[in-house]
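Before anything else, here's the structure in question.
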Amino acid sequence: MKAILSSLITLSICLTPITPILTVQPATAQTENLSEQALQLLQQSIQLGQQDKYQEAIETLQRALGISKKIKNKELEITALLGLGFTYRSINKPTQALDYYEQALSITREVSDYLGEATILINIGFVYNNIDKPTEALDYYKQALPIMRQLGDVLGEATTLNNIALVYSNIGKPTEALNHYEQALLIVREIGDRLKEATTLNNIGLVYNNIGKPTEALDYFNQALPIRRKVGDRSGEATTLNNIALVYNNIGKLTEALDYFNQALLIRREVGDRSGEAATLNNIGAVYWSIGKPTEALGYYEQALPITREVGDRSGEAATLNNIGLLYNNIGQLTEALGYYEQALPIVREVDDRSGEAATLNNIGLLYNNIGQFTKALDYYEQALPIVREVGDRSKEATTLNNIGLVYNNIGKPTKALYYYEQALPIIREVGDHSGEAITLNNMGYVYRDTNYPIKAIKHFEDAVNITLEMRRGLKREDRKTFLKQKENTAIALIKLLIEQNQPEKAFEWANLTTTFDLADYNRLINAQVANPQIQKEIDDWNQKNERLNFLRQQLEEEFSTAKAQQVNELQAELNLQAEAIADQHPEVAELFEIKPTDIAILRENIAPDTAIIQPVILSDKIALFILTSEDVKVITKDIDSDEFNQLITEYRQQLSHYANADVFVTSEKIYDILIRPLESEINTIAPENLAIIATGKLRYIPFETLSDPETGEFLLEKYPIHYLTRISTHAIPPNSTLERGEKTLSALALANPKPTNINLSGTEKEAKHLEDNFPGSEAYLGTDATLQTFKDNASRFPILHLGTHGCFDPDGCPNLGMEANTILFANNEQYNIADAALLGLKNTEILVLSACQTAKEANANGRELSGLAFVLERAGAKTVMASLWNAEDDTSANIMTNFYTNMKQGMSKNEAMQLAKLNYLETGEYDHPYFWSPFILIGNN
């Protein structure tokens, strides 16, 4: 899917030029009473203006003007005219404002009032700047500057320099802007005006941000921020926080952007800045939209919209309407989107917001592009392009060029499309828009792919995906999955093309690099280094405690004691909580846990010679079936409809868990033909003794051994022993396993049927007694003796841990059992959260069996619960976890489990032991429905 650069409007609240405050000059009167009356009227007009009673203020000023003319008091007349100009400017009536300012200017020159002349010149320049007449604005500012210098008014000089700089910045002349800002900065520092120093630093930061130099922008903003805090300028503090957030948003550091926007929002609300509040709400919505959370984004936009209307901020209203329209466009609600755009367009034209007009035209073009009306789309884009160039908006210029290129590609003109993309790309890089760069590279990749330049296409797709992964580095853990999901089309296109070009190893690598972790492998914190010193301190503290933990574990292995085991457990729990907190709070740490190319290499190196690994990867309209051995990676693709396939998997999961449903066999054959049939030739050539499955999403809840070959009638179980792998980076084969083939020195810790319970599990007591009777050194704890403390104190001593108890892995909990989500039940209603098992110290544990725990209650679960359970127990050190996909019949489970342990004692691998236990049950002919024999699966090393 080709991507479109849209014109999402984020609102930068930059400071307006420093303008002189209207003051009332004392006057001498020809008639003292009339002079006093005029002065009172002028004071009254100021109060009315402060109360937003502008019409009354104008009427009062007109009366004052009449009196001052009557008594021929030029100072009072100038003050009244200046007040009228200021008031008309405040109500957005520039023509009237200019008329009164020009009258005042003429009088100041007549009476040689140089300060008044300079003041009025600045105000006239400010009006022209606001009505988008920068040439006229510069002319008036430049007339004021030498007067301020001649008078020695250094503050007025700094004000004028600041205003000149702002005009240069607005017309795309950053060098001139910076030159004037830096002159102003020297002056305000020299006179010690800290407030105006912060203002100038902030404005310099804005220039650097606009020219795509985020590092320099942040430097100036971060100089301004502490000054504003020191002088108590709360409104200015919010402005700078907002601008810092905008920089982070532009460079793809969305977590930092949200943090600064939220700080700004609190201050805006505190000081009652409703207009600023609306702008910041809009910006927060834009960040959530970028992360891939449209519901949250819409919530913020809908808070912003009524505020913009309340305060009469027409530009802000149009921006918010635009953003809401863009959101609806992207979720496919095109009628609603067009309605919002059509509300925005007349507003931006009414207020002469040329940049906003271009953004709206761009977004309407985007909508027509999405519905295939390419001529209309091109018309709107071509209206937008000259406007963005006119106002010097480089970012939106690149957006528009990219979108024009997309239209030409859609109408079959790839050469012309590339012409526009190649214009857009350097501009996007110049302004530091990483998201836009990834989109443009993606679009170029599609053109090269479709015109048969696969090497160039792969390069552009890879560059785009690498930028996306780099942007992910700045996201908190909770936002990573939705962010990658939003950007997945480029990765899918890349993987497909690599497969077509017979590069299965690279395709497999990218398929795994473009996922994100569920649970963290805390071992990656050991000796980890990050740039942030505060975060590094937290990691170092964790490492020191971990070294202490390893020392205690060693002591415990040398000489077991209950007291020492409890000490180890307490420290492990503390480390677990600390590591989770670090990973959740800091994107730098979350990044440590992501899959790297080295992880994939480790997987390849550690595949057993007798094992083949199958990993299905859904690619929208295809499924890629990777098959790995220690020597090779191959891939076969099969065309599918991904929605239909997901529905088929959901139906199969429902059929598996209802033993009376005979449709299970028909569905099983359909899925076999999709997932296994295409690989049969490769599997037969490899002739593995074991199959390992890396399943994702809903496939995690499908026991592959139940898939039935429609040609032979055999279950896959009858052909191969099968086990499952979770996160591929964790599965190195241990060299000194205590369960090597033929070795029988096993012992088990078994806890079964804890009491009291709502549902009795008598079959699990049979399993526990079997272990105690047949494996010397084993210990079984039943009923009220199956306590959590017993498990925690003794778990590290046994290679087999058997928990015949209830587990709850439904996200909503298990009310029928009185259990919370993600817990295991022990005696006396104690519930143990599986996350706390992460550092239990199970290095001696060959297999941890959960013989009565269903890992997912609902058939449409997305796979997260199962991978979470297995992975967290593997992370604790367990080499294999046996999990149950549903609660099968108690006696049947006991039969399969006791046979499994007997087979293991005879020297079989875990895979073989489970395969034979299930086959023995099938051969009895009592029940052939997979509901009875297939819920138990092995996850981890064979």
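For all residues, glycine too, the Cβ spot is worked out from N, Cα and C.
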Looking at 539-566, 735-762, 763-790, which stretch does TrEMBL describe as coiled coil?
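Within the set 539-566, 735-762, 763-790, TrEMBL attaches coiled coil to 539-566.
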If you count every Cβ pair below 8 Å, which range out of 78-111, 198-231, 238-271, 278-311 shares the most with the repeat 'TPR' (318-351)?
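Going through each listed stretch, the top one turns out to be 278-311.
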Looking only at residues six or more beyond either end of the repeat 'TPR' (198-231), which have a C-beta under 8 A from one in the stretch?
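Same-chain contacts beyond the flanks: 12, 14-15, 18, 158, 162, 165-166, 169, 174, 177-178, 181-182, 184-185, 188, 237, 239-241, 243-244, 246-247, 250-251, 394, 429-433.
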Averaged across the repeat 'TPR' (238-271), what pLDDT does the model get? Just tell me the whole number, please.
92
Counting only residues 6 or more past its boundaries, what in the same chain has a CB within less than 8 Å of a CB in the repeat 'TPR' (398-431)?
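Residues packing against the repeat 'TPR' (398-431) from afar: 2, 4-7, 210-212, 250, 358, 362, 365-366, 369, 372, 374, 377-378, 381-382, 384-385, 388, 437, 439-441, 443-444, 446-447, 450-451.
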List the helix, strand and coil residue totals of the repeat 'TPR' (238-271) as derived from DSSP.
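Summed over the repeat 'TPR' (238-271), the classes give 31 helix, 0 strand, 3 coil.
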